[in-house]
Amino acid sequence: MTRVLTGITTSGTPHLGNYVGAVRPAIAASRAPDAESFYFLADLHSLVKVQDAARVQRSTLEIAATWLAAGLDPDKVWFYRQSDIPEISELNWFLTCVAGKGALNRAHAYKASVDRNRAEGEDDDSGITAGLFMYPVLMSADILLFNAHKVPVGRDQVQHIEMARDFGQRFNHLFGRDYFTLPEAVIEENVATLPGLDGRKMSKSYDNTIPLFAPRQEMRKLIASIVTDSRAPGEAKEAEGSHVFQLYQAFASSEETAGMRQAFADGIGWGDAKQQLFERIDAEVAPMRERYESLMARPAEVEAMLRDGARRLRAKYATPFLAELRQAVGLRDLSFQAAAGGEAVDKVTLPSFKQYRDTDKRFYFKLLDGEGELLLQSAGFDSPKEAGQLIGVLKLAESANALETPAINVLVPVEKVLVALGHLRQAEG
Ligand code: TRP
């Protein structure tokens, strides 16, 4: 199973360029049978750029609704909000403490800000927050916490993935084991970059975007305002290099595209070409727009979906993995001495399984922690062997779903049981 992970910063309203360049290919990729996909709303990252609380909230809802409307299935992929996974922030600190400051000094986004300051005769770091500087570390935490193999990103993000490898590798080296998988950037070569209204790359920073879910009339008006040359109807037009044509191509089949190329050669008027472009886009967007609007009208539903995703993901990966990382760096239960290094294991504090036979003549077991607190209780078995087999399985459990069997009843938060099982494994070597 290949784990594919990507984040979307919640700082704006999704536009056609985001849809064609990121949302549509990612949703197609998420349907691959051999991939486990992680898509998340990078709201902590948005705070680096946006200090407008209402905008962060609105953008988070808009982006979540966009991905869902475009066909993302939260039962098949992990779909969550970064700030709902506190383990990301905790790992961010662990990685901060292994990341080289020099590597961060060389990050493109930071360097570009410094260069701008120098050009303006300002102090190097004028107006630059530590958040901007540390951005690549938080991004590494996003990626490394889930041991992602592949990270689809734009070219501008490749350096960040290299840093994630660097920080992950340093951590592995310092703490003596391959805790982290080293991720690889995936750059989609054949995904189109769309031109915006003025012909430059469609981007919020150029203020030249067409919002994906603009109401029909507004979408039509925006498309009519795309800059073209002044060739009159009847004059042959060059398809290659035309922004109207490029946009059309991003939505059309190859036959439709061939037809449009012919129409350009035959001198289609810009007004007609734009009308056809509008209709082609609307054919793809209209059904999604309906779903989008209904989600936007029910924010509590989107909220519940995101929370549910984060809850399941924490239980399955984040919480037990972070418990392991805390052990690795030395944030440990003081009463528990790791067997490593030859120190004696304090048996009194170790959790233990107790097997017994009850008055109903059936065989049971329970798990107690070092203080004797009851962590889990089994159902009755016909033989001690069956009970023992399940204990064997439980001893290997590293994730919450390994504890999801009707044969046991977990009586405390699952994380506590996982930590106890981890201690047992460590003690037993
Ligand atoms: N920095 C990415 C961007 O601006 C968003 C992002 C945050 C991300 N965390 C990530 C992308 C982790 C991939 C993996 O596009």
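Backbone N, Cα and C define each Cβ position, glycine as well.
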From 116-120, 196-200, 201-205, 381-385, the residue range that TrEMBL assigns the feature motif ''KMSKS' region': 201-205
Integer Å distance between the CA atoms belonging to Asp142 (L-tryptophan binding site) and Ser11 (ATP binding site): 17
Conformational class of Thr9 (ATP binding site) under the three-state DSSP mapping: strand
Minimum Cα separation from Asp142 (L-tryptophan binding site), reported as the residue among binding-site residues Thr9, Arg155, Leu194, Lys204 that achieves it: Thr9
Listed binding-site residues (Arg155, Lys204), ranked by Cβ neighbours within 10 Å, top entry: Lys204
